[in-house]
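Enquirer: I have a structure I would like to understand better, so I am pasting it below and will then ask my questions one at a time.
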Ligand SMILES: Nc1nc2c(ncn2[C@@H]2O[C@H](COP(=O)(O)OP(=O)(O)OP(=O)(O)O)[C@@H](O)[C@H]2O)c(=O)[nH]1
């Protein structure tokens, strides 16, 4: 019965999201372009690129496709796999293979015992040894460059590599907001045998995100400061995505009764459920009355945070 209700509702969901006149270019602060330059300048000193991406958006235009970065061996780490839909894994791998990306690992680097984090050092050493190292042939140690958009877990992965291979603690500051990794750090050791170091870079974006939808997915996953995009539109895009992917756990979480494609309705119910309401005075013809208004911003904030923490289920957006 419940499934029938959901399926009946499915026909009412939007097929496309209306992005209006939005322009992604305003969403990416200037330091990202600077980071890209620093990254290229450091390329001579590295043997391999370790590209970290969010497993929920694996097909976003990536740095490795751009210019000079492609000359180094490359490992794509799709991190935050604990938040992505495991049933999409094989499809993602197949599509990446078809686009020429062969070396891919899925990680959840917050999990102490993630098996794939353990595989990174041996796989990187193998990749480096399988190709000429050019002017770095005499080097006894391996050097990696870690790249990725903000907030995908670069610092967390570096810390996980140190924890796993050196039994050492944190070298990189971890933050919940995009853009914590601001400076290009000097070399950080991640393994003794073989000696392996890496340089951390600011979370830099590719110079051009191909369309607004890609930008919106990045925003939803927390790689752009929310206020640059607007929490109301991120929340609406989240609702659109959950319905499109038939991920309806939000219905029970917020006591909605049935799925809805109307963000105002959903936010109102979230606000009421969470007690995020405000009492405001209204002037009417028969005198002043106090009415209870839902706090839409607080509700949008909660909805987005719940998605980012995985509380709305494991979702792959691509
Ligand atoms: N669920 C989950 N969260 C993660 C994972 N890795 C990192 N995080 C969280 O994602 C947030 C960002 O992590 P960071 O390691 O600071 O990311 P970063 O890429 O270095 O961020 P910038 O400094 O902004 O470039 C933090 O709240 C981490 O706890 C993961 O595998 N799974």
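Glycine too: its Cβ is placed from the backbone N, Cα and C atoms.
Straight from TrEMBL, here's the annotation block:
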| type | residues | note |
| --- | --- | --- |
| BINDING | 79, 80, 81, 82, 151, 152, 153, 154, 155, 156, 203 | GTP binding site |
| DOMAIN | 145-211 | domain 'G' |
Enquirer: Identify, among the binding-site residues 79, 151, 155, the residue whose Cβ has the fewest other Cβ atoms within 10 Å in this structure.
Expert: 155
Enquirer: Tell me whether residue 79 (GTP binding site) sits in a helix, a strand or coil according to DSSP.
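Expert: Once the DSSP labels are grouped into three classes, residue 79 (GTP binding site) ends up as strand.
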Enquirer: Tell me which residues of the chain lie with their Cβ under 8 angstroms from that of residue 153 (GTP binding site), as long as they are six or more apart in sequence?
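Expert: Sequence-distant Cβ neighbours: 52, 54, 79, 80, 109, 110.
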Enquirer: State the three-class DSSP label for residue 155 (GTP binding site), counting H, G and I as helix, E and B as strand, and everything else as coil.
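Expert: Assignment for residue 155 (GTP binding site) reads helix.
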Enquirer: To what whole number does the mean pLDDT across the domain 'G' (145-211) round?
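Expert: Value for the domain 'G' (145-211), mean pLDDT as a whole number: 73.
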